[in-house]
Amino acid sequence: MAHSTPCSQTSLAVPNHFSLVSHVTVPSEGVMPSPLSLCRYLPRELSPSVDSRSCSIPLVAPRKAGKLFLGTTPPRAPGLPRRLAWFSIDWEQVCLMHRLGSGGFGSVYKATYHGVPVAIKQVNKCTEDLRASQRSFWAELNIAGLRHDNIVRVVAASTRTPEDSNSLGTIIMEFGGNVTLHQVIYDATRSPEPLSCRKQLSLGKCLKYSLDVVNGLLFLHSQSILHLDLKPANILISEQDVCKISDFGCSQKLQDLRGRQASPPHIGGTYTHQAPEILKGEIATPKADIYSFGITLWQMTTREVPYSGEPQYVQYAVVAYNLRPSLAGAVFTASLTGKALQNIIQSCWEARGLQRPSAELLQRDLKAFRGTLG
């Protein structure tokens, strides 16, 4: 993966696919509107302001350009200057390094911001579903201003884009790590050995990672935020071996879901990890994340994929026939610890959300289980 040229003190190194232009004016009407009422994702005092400034190249704006959002300054991110606020970007301090990955709604790059490693996500103008792209951008900002060891933090965000840019907005995030839990589970490291011959995650490591994720969920739920796309690919592992929940493009705030029983909002996500009530189009609750965690814990334990077959058949069977991944393997049946782990997983993916544990209860059970291992 090629790196860009080094950055100067006053410029942004951009990937090759960005075309340089001599002068681009951002029209006053070019600020991306929220597809939903502003109070759903941002307090009204943090709503986008209009400020038509020029920029010399895509993703670069003058150093003293006006803030895109108005409001008080949240606590600063560790390692970054005290004056920084999440609702504005100091573009002169951004230096892109290389692309980390891309998906349906945009691309993620490794970069530095004020000399600190960060990840930068650009949300594209998805021609097939522009509204979905907009929702993804605003949903990512549900966690703006929040800080927790097991959540990837939003450092800064901007809706500012040049006229010819394909980006709806830019989000600068804490760099959570180069490795995802998915890569660790399935050993996606280009090892020549077949998966069946490779070392499995130890039970202790599974519990450590599980507690990291549940701690993150407990914090999110305490802030009335649902992730709604929890899976190993959306869990980063830092250099300090700490799991951090990332990718909040499907997240929702609980207050936005209340009172909408007749017309639940569209919820994205991954069908293999979606709770039955979500597949049925019902209103989401924190228990939907607990279900997704149960599937994730099963993956950590077995290193297998949850289902095979056509997605529509799997979704129907999950709802109609209570289909779940198999718990018949030796890892669950050969020991008392395996049986205890089986019970935890089974409780997480109960058909009815009310029967699943809360994140708080799950945290307590996992800690107690870890204590029995000595």
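Every residue, even glycine, has its Cβ placed from backbone N, Cα and C.
Here the structure is a predicted model, which means the values were calculated and not measured.
Per Swiss-Prot, the features are:
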- 94-370: domain 'Protein kinase' (DOMAIN)
- Leu100, Gly101, Ser102, Gly103, Gly104, Phe105, Gly106, Ser107, Val108, Lys121: ATP binding site (BINDING)
- Asp229: active site, proton acceptor (ACT_SITE)
Around the Cβ of Leu100 (ATP binding site), how many other Cβ atoms lie within 10 Å? Please give the count over every shown protein chain.
16
Write down the Cα-Cα distance for the residue listed as 'active site, proton acceptor' and Gly106 (ATP binding site), rounded and given in Å.
17
Taking the Cβ of Gly106 (ATP binding site) as the centre, how many other Cβ atoms fall within a 10 Å radius?
24
The residue listed as 'active site, proton acceptor' versus Val108 (ATP binding site) - Cα distance in angstrom:
18
Cα-Cα separation of Ser102 (ATP binding site) and Asp229 (active site, proton acceptor), in Å?
17
I'm trying to understand the geometry here, so how far is the Cα atom of the residue listed as 'active site, proton acceptor' from the Cα atom of Leu100 (ATP binding site), in Å to the nearest whole number?
20
Please give me the CB contact count at 10 A for Val108 (ATP binding site), counting all chains in the structure.
18
